[in-house]
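All remarks here apply to the structure that follows.
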Amino acid sequence: MPGGKRGLVAPQNTFLENIVRRSSESSFLLGNAQIVDWPVVYSNDGFCKLSGYHRADVMQKSSTCSFMYGELTDKKTIEKVRQTFDNYESNCFEVLLYKKNRTPVWFYMQIAPIRNEHEKVVLFLCTFKDITLFKQPIEDDSTKGWTKFARLTRALTNSRSVLQQLTPMNKTETVHKHSRLAEVLQLGSDILPQYKQEAPKTPPHIILHYCAFKTTWDWVILILTFYTAIMVPYNVSFKTKQNNIAWLVLDSVVDVIFLVDIVLNFHTTFVGPGGEVISDPKLIRMNYLKTWFVIDLLSCLPYDIINAFENVDEGISSLFSSLKVVRLLRLGRVARKLDHYLEYGAAVLVLLVCVFGLVAHWLACIWYSIGDYEVIDEVTNTIQIDSWLYQLALSIGTPYRYNTSAGIWEGGPSKDSLYVSSLYFTMTSLTTIGFGNIAPTTDVEKMFSVAMMMVGSLLYATIFGNVTTIFQQMYANTNRYHEMLNNVRDFLKLYQVPKGLSERVMDYIVSTWSMSKGIDTEKVLSICPKDMRADICVHLNRKVFNEHPAFRLASDGCLRALAVEFQTIHCAPGDLIYHAGESVDALCFVVSGSLEVIQDEEVVAILGKGDVFGDIFWKETTLAHACANVRALTYCDLHIIKREALLKVLDFYTAFANSFSRNLTLTCNLRKRIIFRKISDVKKEEEERLRQKNEVTLSIPVDHPVRKLFQKFKQQKELRIQGSAQSDPERSQLQVESRPLQNGASITGTSVVTVSQITPIQTSLAYVKTSESLKQNNRDAMELKPNGGAEPKCLKVNSPIRMKNGNGKGWLRLKNNMGAQEEKKEDWNNVTKAESMGLLSEDPKGSDSENSVTKNPLRKTDSCDSGITKSDLRLDKAGEARSPLEHSPSQADVKHSFYPIPEQALQTTLQEVKHELKEDIQLLSCRMTALEKQVAEILKLLSEKSVPQTSSPKPQIPLQVPPQIPCQDIFSVSRPESPESDKDEINF
């Protein structure tokens, strides 16, 4: 039944408890199997006494006990031990180790791997036995003669078990090894549990006290107990002899069931005083024999079988009938299970009503026994007419008759009528009603009636009048417990807490309640005065003060001051006491249970009873960050003291502070991070090293041609960037646009060309074309007459300086010019020839001053529309008449000139572009061929470098630069060749 679970039944890791319990007289270590050098995570007191080391000194040392090696330790044995750890094997060794005081001792060392639920080896268990008396590594005077014999005799008498284990040591190597393997197998099957979370397991043939079968069985026993409580008083009072076979069989079956219950009680778990579930068969049997066994056995004797015989003496039959009352002791079963039944509200009400009816039944049996005893006077053999039985017989018409032949009184009411009348009287008396048709007349009857009325008034007032008060007073803690559980369940359901976390919360509440019994310790301590509160706190923390040597020199006042500051917390399995990164603000003492310290998903320490973890606050000035997680493996009781409270006490008791700082040793300091390497990481590094070793390394020397080539490219790029930064180039534009004139006329059949030029860049990377090339470019600009009514078109020519946008050379320049022509097509329709010529005749102001600053070497050569040939008019003086919108927004001071271009010039330009494009392709092909040769030479050199050099290195082949193909552009400036410049130039 879920509500009837009593005890701590949550899954927990009881590995450490099992090892300690099964190896209580052994010395052992636990090492982490997943960290390099297998550091020690736990050592028991036996090993500390055997080696002379403190537990804190042994922690994080190698499980191979390398810190105990000495000069006489066998190297081969050391290697075998390491191989056993490396291969995760089980093995045994005889090894010579040294104690802390450097005393050599022979140990019989057993190594066994511990696996988790995934069958992965996570820990190593190393057990040690002292065999120095049987193998002396050093021969001295004390080991000779009778002294050695006396020591050997004393050892044999004190440790016979050790002798039995070490008997095969003097045999051959084969037999010795076989016996060791047998011990390891026995160790692994019997002693070694798995390191995992698991529910409490019960041994075979043991029944859990809260399982469904045992719950059903308890309810059956409850019903049969009430049957016994009803029938036994009835049979004793009315002196019925079980002549009815059916009733006899039924009573016998009930007796058999109670006998079976006795057997089951020898195999049923129970809850210990600390809330733990006791499943050890020996403890269960001893507990039952000391408590309820005798009572249950007396209540199960078959008294009805004796009464069933015909020729049994009346006295003996009456005696055994009276002994049936002993069966009422079976009500103790109800008392011991009452806390189970009280889990249900309806069951409580039914039990109370049954108790009231059962008391009335018992009183009715007693009332009839009094009347039956007084109705006939055995001395005079006369009937008492004032008895309530005689009055009842007269009232119902069944009077008593005297049988003269037999000399006895006969007749009277039947037994059924007598029982009903007795129960009627007791019920009316218990409920304080009393109709009076059946009334006591004799003194004994009146005295019993008075007692019954007193009991009845108490029962009636208690059960029916104050049921709510009874529950509030008797079961206040239980009601509060169930109220808390209901609130927690509603909270978990409202906020949809995951199932796993919900189970942890419920288990923690149940376990905490079982430990504290619902008592608020702080509330109780607040009621007590200061002195009494300090005494109670010292008593509550007595385990901490008695077990740790750091508190031995503390005075009574110091202990009382510390005890008041201590807090006791209860942790369930899986609870995290510290998270990695949290502030360590408390010092924790483990009183019971076990915990694990996890750093980087590896167990670096296992803490048990008597261990201390936290931080050394008395030596540090700042709060520490927890470097690992501390998680409970089992139900744990921790006594903690906060940092501020501890420092306050230490500051006040300075003498104790020195002793405390010197004697308290932390088993695990959460401030210091443990440096370790995982075995898996080491294996990965080894695999990576082997992989890199097998790979061919491609290393290019400093004087390699490839390095020199890229270094040359880098230098050229730096020089080009430096030259561009020193100069302030200006963009020139050749732009043809249609401009409206004042008279609204338009220029037809002409093309207007705007020519401008910037100052050439004077760097080592570029040079200006010769005047012949410039003149040739100027002669190419000729006037073409438009065909028919063709619209005037303008050609936009960019600067001769080659930019990275690709507008300065070849067919790409023509493409951009045509794009600009299409964009300005709408404006050209409104420009007339007269307007164009008018623009040419205007002389803007300030042209002379501007010409003095900037000189344009270009001149107008031909103008078919104006009839002027070989004009000396400078182009840079004819651009002032245009509107401000025609000027470049970035270069407002650049002068513009206009002249018409014939249509044949466009064809000439196309031919030139075609020729230039062909030259560019040829140049690109030559450069690609040269690059292919260079790459082939590089690969050849690299392949030669990968082979070991046995002879002198071959001379390097110089890189050949392909011949430069002359390429001319109309408005272009050449520069040194480089990969980047080629990329910029050939970007189409």
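Every residue gets a Cβ built from N, Cα and C, even glycine.
Of the candidates S883, S952, Swiss-Prot records phosphoserine for S883; the remaining residues carry no such annotation there, which does not rule it out for them.
Per Swiss-Prot, the residue annotated N-linked glycosylation site among N101, N403, N663 is N403. Swiss-Prot assigns T240 and V444 to topological domains bearing the same name, which places both on one side of the membrane.
For the transmembrane segment (347-367), same-chain residues at least 6 beyond its ends with a Cβ under 8 Å from one of its own Cβ atoms are 226, 229-230, 233-234, 236-238, 341, 419, 422-423, 425-427, 429-430, 445, 448, 452, 455, 459, 463-464, 467, 471. Outside the topological domain 'Extracellular' (441-446) by six or more residues, the chain places 367, 370-371, 374, 384, 386-388, 391 with a CB less than 8 A from a CB of the stretch.
Around N403 (N-linked glycosylation site), taking its Cβ as the centre, 10 other Cβ atoms fall within 10 Å, counting all chains. In three-state terms derived from DSSP, N403 (N-linked glycosylation site) belongs to an extended strand segment.
Long-range contacts of the motif 'Selectivity filter' (432-437) within the same chain, counting only residues at least 6 positions beyond its ends with a Cβ under 8 Å from a Cβ of the stretch, are 395, 453, 456-457, 460. When averaged over the topological domain 'Cytoplasmic' (341-346), pLDDT in the model lands at 58.
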